[in-house]
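S.K.: Here it is, the structure, as structure tokens.
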Amino acid sequence: MPALSPTMTEGSLTKWLIKVGDQVKAGDVIAEIETDKATMEVEAVDEGIVTKLIVKEGSSNIPINSTIAIFDGDDKDENEEDQDHIKEKVEKNNKKEILDTNVVNKPSFEKKIDNKTLASPYVKSVAKKDGLKLENIFGSGPGGRIIKRDLKNQKTRPPSINVPQENITEPSSIRKIIADRTTTTKQTVPHFYLTIDSNVDKLLQLRKKINENTGTKISINDILVKALAIAQKQNPLTNVSWVEGHVIKYSSVDVSIAVALKEGLVMPIVKNADKKGLIEISKEIKELINKAKTGKLQPPEYTGGTISISNLGMFGITEFSAIINPPQSTILAVGKIKIIPGIIEEEIRPISVLKSTLSADHRVLDGAVAGKLLNDFHELIEDPFDLWLKSNDMEII
């Protein structure tokens, strides 16, 4: 019984389209299976003669990856346990008898390969003839069953390279956590992506003016953090999380900042970033980065957050898409500022352009809502006057 949908655990055999004695090729439609989603036609994944139909038409509650038919007369001892399990399961749920079909005569094959290997006698015979060890082959058929195509792929696969033992290292604990979290996130969170180009000439002028008037070194990223915080504050529908089937709403705006370390990545948080001035944000980010790189970050400094920002512009990256940091629902990826020709007041002039990509969780955010957040951010950095007005250190401008 093949798994025909991600949520399928059992299926119903609606109709057989083959009978005992039929010669079947890979790709032939052999049955109609009803899943938790729909009734679908099922194709054979291997070739051979149909020797037994185990499950009767109309049977339901058949576990996935269980045997419902036998091609080429798979040995009784290889399938007996599975057949008994199916018979018990189906009879219990359907009160129907398993088909009492006759096994047709077939060519016999000498078997010297492990009987527990999931493969038909035909496949085992071909493997033996070609000198292939089935235990070294990954099966792409139902339940990991090895089919003829897998043998062909094995023969055309380049020889494996032995990796010297000294090249195998144990990942750090932080790398293991990153691996687990990013894998889980990409598998469970439906990402969608929005990208926008912004003219940041005025933002660069703002930064220059602040640094000249204060003697500080505010970075572009410091200003982007402030702009992102204001944009989320203006869009409370984006300040949410999807947690165990519920929508969690937040009142504060806490921006997580991606900081690269030698062994991985951490996300320290500028809390209440919408209420803080640019100089305060800049100082706090510097302190957080220093703590992160010296291993002195405390859990409250990297736990939580309502939105994240990741900047790879210092590496010459102009555009990328970031993975959402759960339980947050958004992360902004920004790249390097590029100088390109643009039209200003009907004249072609060089302009500074920043490309920003927002990754959003489609479980809680739709395109229009996420698009409004990104557009507000875009407008703030293109004309940063609002940043001046909403900064606690406006007097420095």
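Using N, Cα and C of the backbone, Cβ positions are placed for all residues, glycine too.
Not my notes, these are from TrEMBL:
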DOMAIN    1-72  domain 'Lipoyl-binding'
DOMAIN    118-155  domain 'Peripheral subunit-binding (PSBD)'
S.K.: Is it possible to list how many residues within the domain 'Lipoyl-binding' (1-72) are helical, extended or coil according to DSSP?
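M.R.: Its residues divide into 0 helix, 31 strand, 41 coil.
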S.K.: With DSSP as the yardstick, break the domain 'Peripheral subunit-binding (PSBD)' (118-155) down into helix, strand and coil residue counts.
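M.R.: Output for the domain 'Peripheral subunit-binding (PSBD)' (118-155) reads 24 helix, 2 strand, 12 coil.
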